[in-house]
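Following: one structure in C-alpha cells, then a few remarks.
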Amino acid sequence: LGWLVLVWLCLETSFRSYSSSEVFPEFNRSIYWLVHNRRKYGFRHLCMLILVLVYTLLGAAMFFTIEAKHEHHLVTERKAALDKSVLIIAGQLIYCSPEALTIMKFQSTYISLLKDESLYEGSTYWKASDAENFKWTYASAFFFSMNLYTTTGYGSIAAESMLGRICVMWYSMLTIPITLVVIRDLGQATLVCITKVYTLKVVFRRTMGYLEPHEDSMISLPIKFCLMLLAGYLLFAAAFIYLFDDWMGYIPHSGLSFFTSLYFSYISISTIGLGDIMPNNATFHPIISILFFFGMPVMKVVNRATYICIENGVFGKLFSVLSTLLLLICSIREDKATELLNGLTIRSLAAFARTNADVYGGGFGRVNLRKGDLVQSKTSVGQNPEPSP
C-alpha cells in the first residue's frame with residue numbers, strides 16, 4: 001500500500017504541469033489520464049469504496065472461517081446433550097428402557113413447545129435439521145462485518161468463540177476510523193451533488209426574472225430540503241426491504257409489513273440498531289447492509305444541517321440574549337450595552353439563525369458557492385462580450 005501511494009504521488013507530481021497532448025499522443029487511453037483527471041470523475045470516492053469493499057470481504061472471510069466452525073461444533077455438542085436429556089426423561093416417564101417411538105414422540109413434543117413460544121427457529125434442533133439453517137455463512141459474515149464498522153450492532157448475530165471476539169475488537173478498532181472517513185467523504189460529495197440540484201431553483205428564478213438581492217451570499221441547503229431528502233431515502237429503503245423480504249420467503253406475504261420496514265430502515269440508517277426487528281426472510285442478506293451504508297452519508301448531511309440550525313437558532317439566540325442581559329445587569333459599558341440592546345431585534349436573531357457557519361468553525365458540511373457564480377450578471381456580460389481564453 002505504501003508503494004502504491006508513493007507511485008501515485010510521483011505520477012501526480014510529474015504530470016501536474018503538462019497538458020495531455022504534450023505528454024503522450026495516446027494520453028487519454030493511459031493511466032496518466034486517470035491521474036490527471038481524478039478529481040473530475042470522483043476517483044477518490046471510488047478508491048474509498050473499493051477500500052471498504054476489500055476490508056469487508058476480508059472481514060467476512062475471517063469471521064466465517066472462525067465462527068462457522070465454532071457454530072457447527074457447538075450445535076453438535078448441544079444436540080448430543082439434548083438427546084441425552086430426552087433419553088433420561090423418557091426413561092423416567094415409562095419406568096423402563098425407553099423405546100425409540102417414545103423418544104421420537106418426546107422430541108416432537110419438545111419442538112412443538114418451542115414453536116409455541118416462537119423459539120424453534122435458531123434452536124439446536126432447528127439448526128441440526130438442515131445445514132442451511134446455520135447462522136454463520138459467508139453472506140451473514142459479510143453482513144456482520146458491515147455491522148461492526150458502521151456501529152449498527154443489531155445483536156441478532158454475534159461472535160461466540162473467544163478467538164472471534166478478539167477478532168471483533170481488532171477488526172472494529174481498525175475499520176471504524178476508516179469508515180468514518182469514507183462516510184464523511186461520501187457525505188461531502190452527496191452534499192455537493194444535492195446543492196447543485198438545489199441551485200437549479202436559483203437558476204430558474206433568474207430565468208423567470210426574479211433577481212436575487214444578495215449576489216455574494218453563500219448557497220446553503222435549507223433544513224426542510226434535507227429532511228425531505230432523508231424522508232425520500234427512508235421511503236425508498238422501506239419499499240425495497242418490504243418487497244425484497246417478501247420475495248425471499250417461500251410463503252407469500254411472509255415478510256415485514258411496510259411500516260415495520262420503515263421503522264427498521266430508520267433504526268438502521270441512524271445506527272441505533274436495537275435488534276428488535278429484523279427481516280423475516282432476508283435476515284442477514286448483504287444487500288440490506290449495503291443499502292443502509294449508502295444511506296449513512298445522507299443521514300450525515302441531514303445531521304449537519306440540523307445541528308447547525310440548532311446551534312445557531314437555539315443556543316446562538318440564547319447566548320446573544322444572555323450576553324446582552326449580562327452587560328445590562330453588570331452595567332459594563334452602558335453605551336455599548338444600549339447599542340446592543342437596540343440592535344437585538346427579531347430580524348437580527350432570525351438572520352443569525354439562518355447563517356451557514358457553526359459555532360465551532362468547522363469546514364465540513366458546506367459548499368462554497370455564491371449565488372452570483374451561477375449565472376453571470378448582465379453587466380459583466382456586457383463588459384466582457386467574449387469569453388476569456
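Even glycines carry a Cβ here, placed using N, Cα and C.
Source: prediction; values computed, not measured.
The following features are taken from TrEMBL:
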TRANSMEM  43-66  transmembrane segment
DOMAIN    125-189  domain 'Potassium channel'
TRANSMEM  136-155  transmembrane segment
TRANSMEM  162-180  transmembrane segment
TRANSMEM  225-244  transmembrane segment
DOMAIN    233-302  domain 'Potassium channel'
TRANSMEM  256-275  transmembrane segment
TRANSMEM  282-302  transmembrane segment
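In this chain, the transmembrane segment (256-275) lies close to the transmembrane segment (136-155): three or more C-beta pairs between them fall below 8 angstroms, excluding pairs fewer than 6 positions apart. If one looks beyond the transmembrane segment (225-244) by at least 6 residues along the same chain, the residues whose Cβ comes under 8 Å of a Cβ in the stretch are 194, 198, 255-258, 261-262, 264-266, 269, 279, 282, 285, 287-288, 291-292, 295, 298-299, 301-302, 305-306. Using DSSP to sort the residues of the domain 'Potassium channel' (125-189) gives these counts of helix, strand and coil: 48 helix, 0 strand, 17 coil.
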